[in-house]
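These notes concern the structure reproduced below.
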Amino acid sequence: MSAIVSKGQARHARGPVRTAIAIVLLALLLFPVYWMLNISLQPSGNALSGTFFPTHPSLDGYRAAIADQGGHLVISLVIASGTVVLSLLVAAPCAYALAQFRFRWISWALLAILISQMIPSIVIANALYTAYERIGLLDSIPGLIVVNSASGIPFGILIMRSFMLGVPPSIVEAARVDGAGLVRAFLSIVVPISRNSLITAGLFAFLFAWSDFIYALTLTTKGQVVPVTLGIYTYLGAHIANWSAVMATAVLASLPAIVLLVVAQRYISAGATGGAVK
Amino acid sequence: MSDTKTLAPAPPRDAPAPRPPTARRSGSRRLEEITKILFVVPAGLAIVALFGYPVVKNVVMGFQDYGLKTFFTGKAPFVGLSNYVAVVSDDVFSKAVVNTALFTLGSILGQFVIGMLLALFFHQSFPLNGVLRALFLLPWLLPLIVGSAAWRAILEQDSGILNVTLQNLGVIDGPVPWLTSPSVALVSVILVNIWLGIPFNLTLLYSGLQAIPDELYEAGALDGATGWRAFWSITWPNLRAVVSVVLMLGVIYTLKVLDIILGLTQGGPANATQTIALQSYQRSFVEFKFGQGAALSNILIVISLAFAIIYLRVNRRQVDE
């Protein structure tokens, strides 16, 4: 008994030390993120600054970034929001069906969804380029929304299905007895109950589309539709004249991830483990 | 789903049910079956259009002379294996294969070991554990191209902070050309990819550790298994399923990496960071030889599929549940 107590006390005493170690490790891992912020606040014009703090902080980098890339940020926002809507509309009913209906081919469908997540995006880009060229979806926002849903839909199905497996059939039954059709029951009962899994799936669809670079690079040719990731790449491509503007753009492009991490952290952890393993 | 649901609408066998209601019922049941199918039709179409079609199209394109001309003439003559011969016999191919192997192996090893150590560390209890662990996720949520841009600034040869710091500390005499020297660039790209992969490994391994019941450790402690003994005889065997999932997903994700290499080196210098995926991109979208690009990405599909099969065998229990 006394051994257990003393062990507990030792663990308690070691707690703050571990917290300190964790903070040091975190500082090391997040250094590139800090450095991005630091450079973005340095006065622009010169080469990279070696000072560890923005001692003379300047917003010139952000002014240049918004002037050059503001439109690209808006395009990214439109594409990412569109991808969320399309992915959820397509994936949510399917997730419910795969969780609750008795189709004989469910395990085959799940297998297909799992394998689809493993197809390299360059394969999709290669084939869709020629198809998009023919049907006029190259250089278009709808074209990028559709192709970005290629990541959002399968991931969404897996996340939402694993949640909807736990929806008791009896509450849907009760609605059916009251005269609701299958669609009504789904919309008025299943969707509200499964809200958290819809948020998780939507959040990831947003992040996938917001972060997309490969499809933006390959399925746009004329420079009319430029999401911010492609904007950063173009910035990096030429010899970099203005590091603070590049890093300011990088910071702005990171904002959704940072906001979501702060606001919706529990959904992110759920998605990280749920989508990969289940 | 319970059996009663499907049985409920059926009229009792021995009761003499009047005919019209039965007909209507079987009609509404058919309607219901159709509605059920409609729940999955959009997703089915999406999967076919966004995965089925591209894979089939790529396989076909691999045997076609599909180039810039095709977009004007509409003709893509079949050329047998000549796309494969062309890409495989190119000197860059063997280099790309070796680089892909080194990039994948190095990235996975680094991500996994660091992710595992961090997961074990966070598995202990201490104040602010949850908050700090969440912050570790940040690199994983950033767009890859943002990560590449940040590292470009750090690794920049003349005024990048890494060289400045190492020189101030006296570790190196002159600046190291992290991204512009053929002998160092691949290592730099691997290190950046390790950095990006740590959060994924940490998160999955941590949730795997959480799933191991405490009683196992308590029983192990009674038998004298603590520290490393406990790790090897309790943690590792119980974590094996999660470990294989993490490793397989890691391999499949790393094989197809494009953003990081394009953002950091674009395959250079002197093809030092060329990979199969990057070659495929360049054949198709820089040289507009879509047939050759397809041939390379088909090779990539076969490699990914081999790992996917291993993954699915390991993961079968979850799929069948």
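The backbone N, Cα and C atoms fix where each Cβ goes, glycine too.
Please treat TrEMBL annotations as automatic predictions, because they have not gone through curation.
As annotated by TrEMBL, region 'Disordered' applies to B:1-28.
Feature annotation from TrEMBL assigns compositional bias 'Pro residues' to B:9-21.
The transmembrane segment annotation in TrEMBL covers B:34-56 (among others).
Here TrEMBL flags B:97-311 as domain 'ABC transmembrane type-1'.
Feature annotation from TrEMBL assigns transmembrane segment to B:101-122 (among others).
According to TrEMBL, the feature transmembrane segment maps to B:134-155 (among others).
Here TrEMBL flags B:175-196 (among others) as transmembrane segment.
Among the features that TrEMBL reports, transmembrane segment is placed at B:238-255 (among others).
Counting only same-chain residues 6+ beyond the ends of the transmembrane segment (B:290-312), those with a CB under 8 A from a CB of the stretch are 55, 57-59, 61-67, 70, 76, 79, 83-84, 86-87, 244-245, 248-249, 251-252, 255-256, 276-277, 279-284, 319. Taken from TrEMBL, the feature transmembrane segment applies to B:290-312 (among others).
Remark: the transmembrane segment (B:238-255) makes no contact with the transmembrane segment (B:134-155), by the rule of 3 or more CB pairs under 8 A. Stretch with the most C-beta contacts under 8 angstroms to the transmembrane segment (B:134-155), considering only B:34-56, B:101-122, B:175-196: B:175-196.
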